Amino acid sequence: MNECNVHKEGYNELNQYLTTTQSKIFQCDKYVKVFHKLLNSNRHNTKHTGKKPFKCKKCGKSFCMLLHLCQHKRIHIRENSYRCEECGKAFIWFSTLTRHRRVHTGEKSYKYECGKSFNQDSNLTTHKRIHTGQKPYKCEECGTSFYQFSYLTRHKLIHTREKPYKCEQYGKTFNQSSTLTGHKIIHNGEKPYKCEECGKAFSIFSTPTKHKIIHTEEKSHRCEEYCKAYKESSHLTTHKRIHTGEKPYKCEECGKAFSIFSTLTKHKIIHTEEKSHRCEECGKAYKESSHLTTHKRIHTGEKPYKCEECGKTFSVFSILTKHKIIHTEEKPYKCEECGKAFKRSSTLTKHRIIHTEEKPYKCEECGKAFNQSSTLSIHKIIHTGEKPYKCEECGKAFKRSSTLTIHKMIHTGEKPYKCEECGKAFNRSSHLTTHKRIHTGHKPYKCKECGKSFSVFSTLTKHKIIHTDKKPYKCEECGKAFNRSSILSIHKKIHTGEKPYKCEECGKAFKRSSHLAGHKQIHSVQKPYKCEECGKAFSIFSTLTKHKIIHTEEKPYKCEKCGKTFYRFSNLNTHKIIHTGEKPCKCEECGKAFNHSSNLIKHKLIHTGDKPYKCEACGKAFRRSSHLSRHKIIHIGIHTEETVQK
C-alpha cells in the first residue's frame, strides 16, 4: 500500500487504483476505509450496526468483537495484575500501569503550542480538537457532536435515560460506574487517598493531586503585567487574556466570545432548551432528573444529609461538605501578603485580588470594574432592576438568593454563628470573622497612602476616598455631591423625609437601619463595649472606637481653610459649611435654611409641636434630648433636699 501515497486527489481515484491492483478489496459503506480480508470488513461493520454478539458470562457486559471480550475477561481473572510500587494500585495492563506512574512522577512529555502539556498522547490529541474545533463523534439522535467518544457515550444516556448503576444503600442510580464508586465512598466515609506530606486523607483520587500544590510552592510562570505567578504555563496563558482581552472561544449560536473554554461549554446550555424533567408542584423544568429530585426537596422539606458533628441536616450533599469545614476550623490556604487563611483555594484566589487591586471584569453599561465575575453579574441587575428572589413571609424581593436566605433569618431569628469570646451571635459566618477582630485587634487591611490599618476591607475602600477628594454621586434635588452612592441614598431621605426603620418598642422611626440598631440599645440598656482607658461603657462598638480618640488626642482630619482639626471626617465636613456659607437643608414649611440636616429636624418640631423626649419623673415633654437632660437636674436637686430633710 506504500505506492498509494501518490493518489492524493480523493477517494474515487484511490478506489479505482485499488480495484485494478488488488482482487480482494473490501470497502466500508459508512466511511472511506478499505480491508484486504472479508473478515476484517465484517468486524469493522459490526461497530456501525451497534450489534454486540459477544457477552461476558460473569457480569453480562456485551462487546462487538471477540478480542474485546477476551481483554475484558482479565478484569475478573486478575491473575496477571500489575501493581504500582508507589501507591499499591493494581492494573490489568502493563501499559495502564506505565501511564499511571506518571501521576507520581508528574511527567508531561506531550506538549502543545499553547503551552499546555499532557502525560498521554491521547489526551494531547483530544486537546488539539479544542483549537481545531474538530468534533468527530456525532449523536445520531439529535446531531450533537463531541470531541471525545466517551462524551458521546455519556450523552446517549440522555436519550435513553438509562442509569444502570444503582446504590444499594440509598437506591440512587447513576449513568456511570465511576460516579457510583465515588458516591459509595460518601456513605462509608472511606478516604483511601493520602497526602504523603501532611497525612491528610481524601475520598477522591484527583483531590490529593490538587491538594499537593499547597506544599510545592514553585510558581515558575510569571505574568509580566501584574507579576502574578502560576504553577502551570497554561494557567498563565489563560490569565494573560484578562490583560489582552482575547476571547478565542466563540459560541456558534449567538456569537458571544469567551476567554476560557469551560465557560463557553457552560454557556451553550442556554441555547439547548431541552428540559424534559418538570416539577409537578411549581412547573419548574430541569435537564437532568437528579436536579429535579434535589429541587423537589424544597417542597417536601426533605433533608437526607446529616452532619454527624452537630446534627444539622441538608437537602444537598455538597452543602453538607461545605458545612463540615465549620467544625474542623482547618484553613490550609494562606495568603502570603497579609497572612489570612482560608478553607478553600478558590476563596484564596479571589482574596489575592484585594492586594493587587486588579479589576478585570468591566460593566459595559456604566464602565464600573470589579475583581470578580460574580460581583459583576450581581451589579448588572442594578441596570435591569430585576429582583427574582421573593420572601414568602413579608413579600420583600431581592436580587440574590443568598441575600434572601440571610433575610429569612430576620423572621426566624436564627443566628448560628456564635463568638466564643463574648457570646455574641451572628447570622453570617463572615460577620463573626469580622467581629472576632474586635477581640484580637487584628487589622489586616492597610492604606498605602497614609499607613492607616483597618479590620474590614470595605472600611479601607471608604477611607481611600479621603485621599482622592472625588465625589461622583450628586443629588439632583440640591446639587450636593458625595463620594459614596450609599451616602447619597441616605441624603435623599432628607428631601423625601422617609424613615423606613421603625422601633417596635417606642415607635420612633429612623432613616438608617444602623441608627435603629443603636437606638434599640436604649431600651435594653446593654453596654457590652468597655473602654480600657477610663472604664466608660457603650452599647455600640463604633461609638467606643470614636470615644477612644479622646484619649489619644489624635485629630487626623484637618480643615485646609482655617487649620482646625477634628476627630471624625464627618465633623470636618460639617465644619466646612461654615466657610462656604452653604445651607442645603431647607424647611418646606417656612423656607428657613440650615447647614445641617440634624438642625432642620430639630427646627421642624416647632411646626409639628412634637415633643418626643418625656420626663419619667413628672411627665413633662421636650423637643430636644438636651433640654430633657437639663430638666432632669431639677429632680435630682429635689431628691437630694428630701434626703437631707429625712
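Each residue, glycine too, has its Cβ placed from N, Cα and C.
Marked as zinc finger by Swiss-Prot on the basis of sequence analysis: 82-104, 109-131, 137-159, 165-187, 277-299, 361-383, 389-411, 417-439, 445-467, 501-523, 529-551, 585-607 (among others).
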Quiz item: In the zinc finger (137-159), how many residues does DSSP put in helix, strand and coil?
Solution: 11 helix, 4 strand, 8 coil
Self-check item: Helix, strand and coil residues within the zinc finger (445-467) as assigned by DSSP
Solution: 11 helix, 4 strand, 8 coil
Quiz item: DSSP helix, strand and coil counts for the zinc finger (277-299)?
Solution: 11 helix, 4 strand, 8 coil
Exercise. Taking helix as H, G and I and strand as E and B in DSSP, count the residues of the zinc finger (585-607) in helix, strand and coil.
Key: 11 helix, 4 strand, 8 coil
Self-check item: Positions on the same chain near the zinc finger (445-467), where near means CB under 8 A and six or more residues out
Solution: 338, 354, 434, 437-438, 483-484, 569
